[in-house]
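Student: This is the feature table in Swiss-Prot:
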type	residues	note
TOPO_DOM	1-17	topological domain 'Cytoplasmic'
TRANSMEM	18-38	transmembrane segment
TOPO_DOM	39-61	topological domain 'Extracellular'
CARBOHYD	N49	N-linked glycosylation site
TRANSMEM	62-82	transmembrane segment
TOPO_DOM	83-92	topological domain 'Cytoplasmic'
TRANSMEM	93-113	transmembrane segment
TOPO_DOM	114-232	topological domain 'Extracellular'
DISULFID	C153-C221	disulfide bond
DISULFID	C154-C186	disulfide bond
CARBOHYD	N169	N-linked glycosylation site
DISULFID	C170-C180	disulfide bond
CARBOHYD	N174	N-linked glycosylation site
DISULFID	C187-C200	disulfide bond
CARBOHYD	N232	N-linked glycosylation site
TRANSMEM	233-253	transmembrane segment
TOPO_DOM	254-268	topological domain 'Cytoplasmic'
Amino acid sequence: MSGKHYKGPEVSCCIKYFIFGFNVIFWFLGITFLGIGLWAWNEKGVLSNISSITDLGGFDPVWLFLVVGGVMFILGFAGCIGALRENTFLLKFFSVFLGIIFFLELTAGVLAFVFKDWIKDQLYFFINNNIRAYRDDIDLQNLIDFTQEYWQCCGAFGADDWNLNIYFNCTDSNASRERCGVPFSCCTKDPAEDVINTQCGYDARQKPEVDQQIVIYTKGCVPQFEKWLQDNLTIVAGIFIGIALLQIFGICLAQNLVSDIEAVRASW
């Protein structure tokens, strides 16, 4: 009579190595983002003078790379090592951290819907604050130029917002050649032109409004962003729902792996 062998609880190799493989990619992406951010700061001399971090009056886009890279690095490290070494502490940390991010995203989405007007005012303030610092940082300048070109807009609510910048304002004390003008990214594009005319915005705001509409974008970036959001609401909502489902899936997998590991240890 052959004896029956009892097969105890096992750790799922599929779940273990799926979490490991996914987080290895996440980890390396985090390192890449951090590397880009630190390289950008080194190029701007920030690493040799840390106090200069607070000198910029506007938003430094490098912070996006550093914050996103830091979060991805921490998550990737915890998920990767936790799965490979079957470390329940790191796996639980991974689940909790991912859960906190999910909760913050959900809270931000609800607050953005409830306080739409307040968000709009803050966006207006944010853009105008960065308009003031347009020439202070090359990364900020490139971000503003990209935004205005992509959404075909100028300023927060119109081209006159550029009066806030010391180089573009129309005051008599402004001796800049850019006086009463706008950046080239506000200019309407001629498809036949291959070379960008960086002086196309000179004196643009001295012209009558009818003539301004021919040479520059007169709509503000806040209303243009609102329009873009309404036109692409299904896509944007789909992306956010997809990210949320991935986060929930990651939490469930990590918790499943923790349960397997604890069950195996309990059977020893």
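Just so you know, glycine gets a Cβ as well, placed from its N, Cα and C.
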Student: Could you find out if DSSP has C221 (disulfide bond) as helix, strand or coil?
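Tutor: DSSP assigns C221 (disulfide bond) to helix.
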Student: Can you tell me the CA-to-CA distance separating C180 (disulfide bond) and C200 (disulfide bond), as a whole number of Å?
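Tutor: With distance taken Cα to Cα, C200 (disulfide bond) is 12 Å from C180 (disulfide bond).
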Student: Would you mind listing the long-range same-chain contacts of the transmembrane segment (93-113), meaning Cβ under 8 Å and 6+ residues beyond its ends?
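Tutor: For the transmembrane segment (93-113), the sequence-distant neighbours (Cβ-Cβ under 8 Å, at least 6 residues beyond its ends) are 23, 71, 74-75, 78-79, 82, 119, 240, 243-244, 247-248, 250-251, 254-255, 258.
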Student: Out of C153, N174, C200, give those recorded positions positioned within 10 angstroms of C186 (disulfide bond), comparing C-alpha atoms, in sequence order.
Tutor: C153, C200
Student: Report, as a single number, how many Cβ atoms besides its own are within 10 Å of the Cβ of N232 (N-linked glycosylation site).
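Tutor: Excluding its own Cβ, N232 (N-linked glycosylation site) sees 12 Cβ atoms within 10 Å.
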Student: Please report how many Å separate the Cα atom of C170 (disulfide bond) from that of C153 (disulfide bond), as a whole number.
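Tutor: That comes out at 20 Å between the alpha carbons.
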Student: Can you tell me the CA-to-CA distance separating C187 (disulfide bond) and N232 (N-linked glycosylation site), as a whole number of Å?
Tutor: 25
Student: I need the CA-to-CA distance for N174 (N-linked glycosylation site) versus C200 (disulfide bond), whole Å please.
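Tutor: Just about 19 Å between their Cα atoms.
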Student: Cα-Cα, whole number of Å: N232 (N-linked glycosylation site) versus C200 (disulfide bond)?
Tutor: 31
Student: Give the nonlocal contacts of the topological domain 'Cytoplasmic' (254-268) in its own chain as ranges (CB under 8 Å, at least six residues past its ends).
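Tutor: Tertiary neighbours of the topological domain 'Cytoplasmic' (254-268) are 8-12, 15-16, 19, 79, 82-83, 86, 88, 91-92, 94-95, 98.
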Student: Residue list, the topological domain 'Cytoplasmic' (83-92) vs rest of chain: Cβ under 8 Å, 6 or more residues beyond ends.
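Tutor: Here the qualifying positions are 11, 16-17, 19-20, 23, 254, 257-258, 261-262.
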